[in-house]
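Visitor: Sharing the record's features from Swiss-Prot:
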type	residues	note
BINDING	G622, P623, N624, M625, A626, G627, K628, S629	ATP binding site
Amino acid sequence: MSQLTPMMRQYLEIKAGYPDAILFFRLGDFYEMFLDDAVKASRILDITLTSRNKNSDGADVPLCGIPYHSATPYIAKLIEAGEKVAICEQVEDPKSVKGIVRREVVKVITPGLVVDSSNLSPKENNYLLSLYCDDATTWGLSYLDLSTGEFRVTELDGFDAAVAEVACVKPREIILPAVFRENGRMKELMPVTAGLATTFVDDWVYDLDYCKRLIGSHFGGASPSALGCDGLNTGLYAICAVLHYLQETQKGRAGHVNSIIPYTNREYLVLDESTRRNLELTATLAEGKRKGSLLGLMDRTTTAMGGRKMKQWINYPLVTIQSITERQDAIEEFVQDPSRRTALVFLLNGVYDLERLNGRISLASAGAKDLVAMKESLARIPGIKELLASSSSVLLRRLNEGLNPLPDLVGLIAGGIVENPPFVLRDGGIIADGYNAELDELRAISREGKGFIARLEAQEKGRTGINSLKIRYNKVFGYYIEVTKTNLTSIPADYIRKQTLANAERYITPELKEYEDKVLGAEDRIRELEFSLFQEIRETVTGHGEIVARTADCLATLDVLASLAELAHERNYCRPLVDDGTTLFISEGRHPVIEAMHQGERFVPNDTLLDNGENQLIIITGPNMAGKSTFMRQVALITLMAQMGSFVPATEAHISLVDRIFTRVGASDNLARGQSTFMVEMMESANILRHATPKSLVILDEIGRGTSTFDGVSIAWAVAEFLHDNDKHAAKTLFATHYHELTELAVTRKRIKNFNIAVKEWNEQIIFLRKIVSGGASHSYGIQVARLAGLPLEVIERAKEILQNLEKGEFAEEGIPRIARGKKSAGSAPASQLSLFDSGEDMLRKRLKGMDVTTLTPLEALNLLDELKRMV
């Protein structure tokens, strides 16, 4: 190392502290990367890889670099690739230092710690999540959005609950204890950590005393109890890992992270990963797009922070009637007063993302434009408060109280920062005239000096008679007089030559040099003073961060309420009655998303009645494409919307609180976990049967179709019986099936009812009426659906022939079903499993044909007679 240059020694010393990050090493106007970092970064960023002086072993040192003033898109590309970036700045002025300039890493940017708005999706959070579990079954989970300051923590009972919550949060980066790599936990977590940036924290961090000290240090001496985290155990360790990581990466700058929000699953309607996916709450199943999801429909918010809160409300519906009613009252007030709603939306339209502005200001990464955006946002609040002043809604009054316009802060920014400041702080032109006397004086000197230069140029042109004479400036020579070579004979004696060019000479004079020193000195001082004054203003704004955060949260909530009111008004939704009973009644319910996406068609509404009495389990039969899945999903979505506090797509609705919504809708192979379609289906079903309660809502679509017919109907039958007979798990259930045999359950189970999707037959065609009617379906209409799907006519005709054989119970003499032989086949086909719909008479005939009555003992004959009796 002694053979290395001082700069490379400094680089390697700093790099040693950040081995897992790409080090952006500031050299003048560039960030340089060396060695392995350079090789990796050049490949990801598609920039030139070069080399510089050889290192101690004689090899070239790989090198690449980017301009510091345009680093943002390059950093974003590295973060998107899952890399971490350590920003190493010069912390001394090179002009005032002899030798190597001192450098330090000022922050580390990771996928979970992005704060630059240009690298973030406005209506999506960017979470860093920490997960911890000791030898017990309780998992601690905390997550932070550094860009907004939102910090939450919970404890979850069991691995499945922890995995479900990680899937709901959708973090960009996850923090895990280093010991997880050794004790097998990492392998368990692979399905949820795949594709995530993962950081392992040293095990010593998970020490209770250290955790309490770290929490107290970050939150101004507050204890976990004072922060509302009393009673947490594993959750404290999850918090500690996040704070430790912040300390390591942000160098103490995270003052806007000033509170923790503890929560439990009991506070919200529980939705597992499968349910969120199947109901397409925030993304579509097919493409993973926002458009076409419930969020895509409901989000009419004006602000980015309102959009993020809307998603949070959808992911975490409420289970407290008071909170739901408060939201309903606020929405109803806006529905009934459209002019006030319109005025509110207009004012919100001028509000920037206060949460993320507040975050950048706290992290000292905000520019002057950010301060102006905050000023303009806060300036809208008096008008909003005036609109809310007459509200009768408890929630709207509370939100109004939480809004603080901070007039002194608005005045400070308005008086200190120009209306349209430049992006680059060091360029100057940020501070308004009249804000600082010294700055005003320096600007006057600068303006006067520039005026002098213009007058001097005119004077010299007159004195020399050289009309082409120019006074110019560059960073190397400062101000100079440029004269073309054709005019050199007219040069005065007091001109001092500075530089010879091909077609001109450059000169200075003592008078020009004197004014140069005065003007340039003033401009340097102006830039320094402006930056210092800007930092003072930004620091003052930082001190109001907690108030700004509360105000931003109130504005986001208002935005969501106005959005839900707009949706209710536009789509003619009703206010549901929500209580703590056992009834789920919906009159003329519609699927919110499908109705909105097919506005040219009339959506057929349907009624629903579920309870814990005579209508606990509804079996729904009918052909594919008739609308069974749509109906069941709409019931689940209406229930969820009601518990969000939203109005719902129906003419009337009475929704008793549910604790969980389960869905078993469709399936696909999970090759990553080595699970087949049927295995996925059975695992989801098992989860439902373990956790469903009488207060749950269960949606089951085609249980058992991933295996043989007899296996499938047996499983479906047993699942239905379990949900009916087991009082502990007797959830309100919608059960769609193609197994018509399941309709027999209504005969023996008093709380099971049969319904089907009405279909009209006409000229061998079917028309789906989309209406749910009482009773089981008489036909499956599979062949008609196949015709609609475009199967070849030959296949359709053969299917009809086979169906007739099945319905008549026709078999060949050797017991092989006639469906095994087509018209063109020859020879005997191997025996196959009989259809579920084989006639009982044929089964009886086969049994009789296969027995030898001459060899039966009396006891065997009696047993056989009993068996035959049961068969008929």
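Easy rule for this one: first residue shown is 1, then count along the chain.
Including glycine, each Cβ sits where the backbone N, Cα and C put it.
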Visitor: Once the chains shown are all counted, how many other Cβ atoms turn up within 10 Å of the Cβ of K628 (ATP binding site)?
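Guide: Excluding its own Cβ, the number within 10 Å is 25.
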Visitor: Taking the Cβ of M625 (ATP binding site) as centre, how many other Cβ atoms lie within 10 Å?
Guide: 16
Visitor: Just how many other Cβ atoms lie inside 10 Å of the Cβ on P623 (ATP binding site)?
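Guide: There are 22 such Cβ atoms around P623 (ATP binding site).
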Visitor: Which state, by DSSP, holds K628 (ATP binding site): helix, strand or coil?
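Guide: Its secondary structure by DSSP: helix.
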